[in-house]
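Copied over from TrEMBL, here are the features:
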type     : residues                       : note
DOMAIN   : 16-235                         : domain 'Glutamine amidotransferase type-2'
ACT_SITE : Cys16                          : active site, nucleophile
BINDING  : Cys251, Cys397, Cys454, Cys457 : [4Fe-4S] cluster binding site
BINDING  : Ser298, Asp360, Asp361         : Mg(2+) binding site
Amino acid sequence: MLTTHPFDDDKLREECGVFAIYGTPDAAAHTALGLHALQHRGQEAAGIVAFDGTQFNAHRALGHVGETFAQPDVIGRLNGHAAIGHTRYATTGDTLLRNVQPLFADLAIGGFAIAHNGNLTNNQALRRRLVERGSLFQSTTDTEVVVHLIATALATAVVDRLIDALRQINGAYSFVGLMDDGIVGVRDPNGVRPLVLGRLGDAYVMASETCALDILGADFIRDVEPGEMVIVTRDGLTSRHPFPKASRRFCIFEHIYFARPDSIVEGTSVYDARKRIGAELAREAGVDADVIIPVPDSGVPAALGYANEAGIPFELGIIRNHYVGRTFIEPTDQIRHLGVKLKHNANRAHIEGKRVVLVDDSIVRGTTSTKIVEMVRAAGATEVHMRIASPPTTHSCFYGVDTPRREKLLASQMDIEAMTKFIGADSLAFVTIDGMYRAMGKPEGRNSRDPGFCDACFTGDYPIPLIDFTDGTSDDRVSVLAE
Ligand code: AMP
């Protein structure tokens, strides 16, 4: 039975950015810059905890990284040679500040701060058990479960306690942690969420994406491996593999939408992957047209790939106002509708009298596509064809991407014909699953026995048990979710 859904209550939606640095006198300032580069991963709140050799210094606030950490007095208070930071995605919860990360705990064996990107799928079950045993929770974030598991573990070293805690959790995660002797970073055994390792002079850096290394001029060393724990102390870097080996299931939606196009994720340029998906789309679902227009900004690389492959001119026929946040994160439907209008405007000279192909990365609820098609028609397009650089989003994500409940996903309710009507386009096509995989360097398409990616939002194939969301009988997990 579906007992609860991650987005029903004030539980957090944890697609976020994390950053850690060890071995530089201005650790907090570096962290603020790193978080600024990861701002696209979460605009609701940001926090930094630094360690100066004696004490942990923390600042957390709602709002953008720049609003909080560009203030010299704030950074000035965050002394330390090591720091971690977090930028958090939006939520509709009303108890916001207490959920802002990194979380900090004064453990019997010393202080520990932790920041999380991802979502735990047995959070409720563990939380119930901990509460029964006397744990007092202060936030609703699932990250706090990890803190309590660490606090009650028996090992003496923090990293051993962290390993003990992680062995009890299910879910998708990249964690960074700060101890009094160093930093730690760890990815879940399937490697669903990203985490990279870099070097800045003598300092080591870990971050959700390489764009956070670039902003500092840090060198990229490598991705933290799925299931790997990297520990940095004054003695240097050590790597541990505390979990049984699992199949690699990196989140394909990072490539489709979430990551910044200038990031290199798991060895693949996000920008190039999006262009290749656009080219696949042109091959699979080409249509006679005069102009290819991206839905900015996330549709731009795919539209370029489409236009190059189709040999049709590319124009910025829709202009985006950059001073408005991502539409999708607005908390109510009413504001979301308003947000779309605030965000985009038609560039009429490149639309009027033309047959237009619009390219966007995804359709979730269908709000954006509907508004954009209407806008392009109002600007005088003679035909409007919508092309989507991902397969239909038919399933909710339980691993950290903020997708709504299944019944709100347009593609879970309608077939292509009905969706075309709904968004008001002359035609609508999505790249196929195999086309997407070909663009990701798998010429055979999706190998269902070993896809190499988590693509549950497109296939319903959930690689990590969804303990909190089913009655535990994993066999009917997907069908339960599909109801
Ligand atoms: P919708 O308007 O609900 O169909 O959402 C689709 C639009 O939101 C597309 O233009 C995407 O670029 C964007 N989008 C897709 N997934 C997400 C997400 N998880 N968070 C924020 N925006 C998203």
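For all residues, glycine too, the Cβ spot is worked out from N, Cα and C.
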Segment-level pLDDT (mean, integer) for the domain 'Glutamine amidotransferase type-2' (16-235): 93
Inter-residue Cα distance where the pair is Cys16 (active site, nucleophile) and Ser298 (Mg(2+) binding site), in Å: 17
Other residues, Cβ within 8 Å of Ser298, Asp360, Asp361 Cβ centroid (Mg(2+) site): Ile256, Tyr257, Pro294, Val295, Gly299, Ala302, Val359, Ser362, Ile388, Ala389, Ser390
Neighbouring C-beta atoms (10 Å sphere around the C-beta of Cys251 ([4Fe-4S] cluster binding site)): 28
Among Cys251, Ser298, Asp360, Asp361, Cys397, Cys457, the binding-site residues whose C-beta sits under 6 Å from ligand 1: Ser298, Asp360, Asp361
Candidate recorded positions Cys16, Cys397, Cys454, Cys457, pick with smallest Cα gap to Asp360 (Mg(2+) binding site): Cys457
Residue pair Cys454 ([4Fe-4S] cluster binding site), Asp361 (Mg(2+) binding site) - Cα distance, angstrom, rounded: 17
Environment of Cys251, Cys397, Cys454, Cys457, the listed [4Fe-4S] cluster site - residues of the same chain whose CB lies within 8 A of the CB centroid: Ala172, Val192, Ile252, Phe253, Tyr399, Gly400, Val401, Asp455, Ala456
